[in-house]
Amino acid sequence: MSSAQLIDGKSMAQDVKRELASRIKRLESEAGVRPGLAVILVGDDPASEVYVRGKIRDCRDVGIRSEWIRLPDSNPEEDLLRQIDRLNEDPRFHGILVQLPLPRHISAERVIHRIRPEKDVDGFHPINVGKMVIGQEAFLPCTPYGIMEMLRRSGISVAGKHAVVVGRSNIVGKPVSILLQQADATVTLCHSKTRDLAAHTRRADILVVAVGKARVIGPEHVKPGAVVIDVGINRTEEGRLTGDVDFEAVRSIASHITPVPGGVGPMTRAMLLVNTVRAAERTAGIGQG
Ligand SMILES: Nc1nc(=O)c2c([nH]1)NC[C@@H]1CN(c3ccc(C(=O)N[C@@H](CCC(=O)O)C(=O)O)cc3)C=[N+]21
């Protein structure tokens, strides 16, 4: 039985990190600038802790200064906003990331609004979202940016293809549908109210799945030879990580497929580093844009 080519996000992320090392050296030698990222974590959700620890380690690996600001779960929103104001003014930090989700008493919308768009390396600020939509240079949200980079690095052409995105979240489904469309794909965006999901997904040359539920996509949803990008991160009862796609069943149908773990997740992290270095280059007047 034939088997899809694995899109190895882990090794691609290592390539991205190697490429960043030379840009970081240039920043240092030409402008005396060391890129810096501040990460704020409110509360002590263990999953968020793991993610933030990973981001801090990534920064250290490539030579980005980082600071992990831990605030208690009970931290008032006003105080968090003041911390953001302080970081907005601190020239050592070119990027600010507030880990989501936030405790219920804090408005993610107000928090995201407060970050200066020039330091919004998550690409969540409405200014960056708006610029992205109209095709202007902007910080792209890390997961959609990572997906486009994975397609590019795999030599998968997007122009003229039919791309189907499942999931319409603000951080993945919606923005990746826009980026695919800007790369000249014909895009269908499916969501929880879509009727006959399989009828849509079976037409996909490129299928991006970002629902957050294991096995929403099985072999009956996939056209032979399709490229399948699995954004889901779910935990099985045995505690294993698994995506939204029935990997074993779909891999014999698809031409390319991303694994979970080791697919989109590592590239999401890598693109955060790219955005942070880009933010630093901008302040130093280096590079394009
Ligand atoms: N402000 C903000 N920005 C984010 O970008 C953000 C966030 N909040 N909140 C949570 C989500 C989730 N997210 C992940 C990134 C990488 C992996 C990743 O590297 N996953 C590994 C597995 C890691 C593991 O073993 O748990 C993989 O897929 O191979 C996972 C999840 C970023 N997020």
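Glycine is treated like the rest: Cβ placed from N, Cα and C.
It should be emphasised that the depicted structure is a prediction, and the values quoted were computed from it without experimental measurement.
For Gly167, Arg168, Ser169, Ile233, the entry in TrEMBL reads NADP(+) binding site. Long-range Cβ neighbours of Ile233 (NADP(+) binding site) (same chain, at least 6 residues apart, Cβ-Cβ under 8 Å): Gly212, Leu241, Gly243, Val260, Pro261, Gly265.
The domain 'Tetrahydrofolate dehydrogenase/cyclohydrolase catalytic' feature in TrEMBL is assigned to 7-122.
Counting residues of the domain 'Tetrahydrofolate dehydrogenase/cyclohydrolase NAD(P)-binding' (141-283) by DSSP class, helix then strand then coil, yields 54 helix, 26 strand, 63 coil. Residues annotated as domain 'Tetrahydrofolate dehydrogenase/cyclohydrolase NAD(P)-binding' in TrEMBL: 141-283.
If you take every residue in the domain 'Tetrahydrofolate dehydrogenase/cyclohydrolase NAD(P)-binding' (141-283) and average the pLDDT, you get 98.
Residues Gly167, Arg168, Ser169, Ile233 are recorded as binding NADP(+); their most distant pair of Cα atoms lies 16 Å apart. Counting every protein chain shown, the number of other Cβ atoms lying within 10 Å of the Cβ of Arg168 (NADP(+) binding site) is 17.
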